[in-house]
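Engineer: Sharing the features that Swiss-Prot gives for it:
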- 3-167: domain 'EngA-type G 1' (DOMAIN)
- 9-16, 56-60, 119-122: GTP 1 binding site (BINDING)
- 203-378: domain 'EngA-type G 2' (DOMAIN)
- 209-216, 256-260, 321-324: GTP 2 binding site (BINDING)
- 379-463: domain 'KH-like' (DOMAIN)
Amino acid sequence: MSFTVAIVGRPNVGKSTLFNRLVGKKLALVDDTPGVTRDRRPGDARLMGLTFTIIDTAGLEEADEESLQGRMRAQTEAAIDEADLSLFVVDAKNGLTPVDTALAEMLRRRGKPVVLVANKSEARGSDSGFYDAYTLGLGEPTPISAEHGEGMLDLRDAIVEAIGKDRAYAKEDVAVTNVDISEAAGEGEDEDEEPLYDDTKPLRVAIVGRPNAGKSTLINRFLGEDRLLTGPEAGITRDSISVEWDWRGRTIKMFDTAGMRRKARVTEKLEKLSVADALRAIRFAETVVIVFDATIPFEKQDLQIVDLVLREGRAAVLAFNKWDMIEDRQAVLADLREKTDRLLPQARGIRAVPISGQTGWGLDKLMQSIIDTDRVWNKRISTAKLNRWLETQQIQHPPPAVSGRRIKLKYMTQVKARPPAFMISCTRSDALPESYTRYLINGLRADFDMPSVPIRIHFRSAENPFEGKKRRT
């Protein structure tokens, strides 16, 4: 992108609505509750021929540095320093407040270009608020309606004037993003070939878990900076925020998500939106790290989150966080491994890594587990190998007989990866018990080294070419 723009202003003036308008998607949560946005969220904006990076920020308020609002303010100030231009959004409908005046003074001290934006200008009675904005001393306000998309041409012209025409329309090579990845991964490849794993491809990783498990602290430790808002308060993260960094030459795109509580406890509309946003992050990710609090692991919600991730078909890795608070580590680790095997039978062989997001202990091992799990998630097995394996499995443990006739498994092939899915042609597929399916899945895990990822097997009844034809007499 040619330049970076930060959207700033006090809470509830419509910053996230404007952000969603500029990126063309509902990426940021929007609600009437003030202070919905807490972390800074970047996005790729397009506006009437302009392309640039846009950063949504938390509402600026006067607050003590150590308070949650104070830490949110520090994140917003970091975005202002990072940006080339700030869009200072005020509420023309409800008018200015002393906070607006203080923020205008702060932006002037920064010495960077500012475009004053009078949002909600479509509302009745907004003229007074629009003209009051002149008193902020930041030039002529640009009237817009972020909700209805009005005034976008004027906003573009104001940005071009502030940043300069050459900078605004600078050409550069832009990498292709938002590529639609077909679920039929490997489609078009020879089914008897086993493609090599591409360890240079960017990897999407979602970090999920219960509130206050240390998800944001973990990502900050990976990045080596306080990029995400953290603190002792549970439920700080609301939006799913994505950040990028390199690990041993590979681009990693990580999604921090809101803590996921039991549905019965989620009553507020805003928290429901946050959890829905976390679910979208899980579906967009390739590998999901489920963060457990090692001091109170295997709560019911922990188990439900793991089950959700596997049902969504994602590769899963467990991270037992806060390991720096554990005293008898060997005994606790042995107990965690026993409980993992016993309480998560559907995730047999899942990789589980003790870590400390606070100190950074164990993070290299966690990253290697993420890469190894993604490798398995992308695995493809040749049809020839699968059918030799299927024959051996039936010899060792034949399928059951139905009405005196044994079910025959005739042919097997892998129909997709991400996660691995297989199709078996057989007789009487409707009569094959679930226990035999589990036997085959466990065999695939053991014989083809496929731990920790969902494996799906679909059965298709082999057609009888003589069915329905009259017998000769």
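Using N, Cα and C of the backbone, Cβ positions are placed for all residues, glycine too.
Source: prediction; values computed, not measured.
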Engineer: Of the binding-site residues Gly209, Asn212, Lys215, Thr257, Trp323, which one has its Cα closest to the Cα of Gly9 (GTP 1 binding site)?
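Structural biologist: Result: the closest of the binding-site residues to Gly9 (GTP 1 binding site) is Thr257.
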Engineer: How big is the gap, in Å, between the Cα of Asn12 (GTP 1 binding site) and that of Lys215 (GTP 2 binding site), rounded to a whole number?
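Structural biologist: Taking the Cα atoms only, Asn12 (GTP 1 binding site) lies 26 Å from Lys215 (GTP 2 binding site).
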Engineer: Would you count the other C-beta atoms found within 10 angstroms of the C-beta of Thr257 (GTP 2 binding site) for me?
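Structural biologist: Its Cβ shell of radius 10 Å holds 28 other Cβ atoms.
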Engineer: Thr57, Ser121, Asn212: which of these binding-site residues has the highest Cβ count within 10 Å of its own Cβ?
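Structural biologist: Max Cβ neighbours within 10 Å, all protein chains included: Thr57.
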Engineer: Find the one among the binding-site residues Gly209, Lys215, Thr257 whose C-alpha lies closest to that of Ser121 (GTP 1 binding site).
Structural biologist: Thr257
Engineer: Whole-number answer please: how many Å between the C-alpha atoms of Thr257 (GTP 2 binding site) and Thr57 (GTP 1 binding site)?
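Structural biologist: Here the two Cα atoms lie 16 Å apart.
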Engineer: Compile a sequence-ordered list of residues in the same chain as Trp323 (GTP 2 binding site), six or more apart from it, whose Cβ lies below 8 A from its Cβ; state 'none' when nothing qualifies.
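Structural biologist: Looking at Cβ-Cβ distances below 8 Å from Trp323 (GTP 2 binding site), excluding near sequence neighbours, one finds Ala294, Arg329, Pro354, Ile355, Ser356, Trp361, Gly362.
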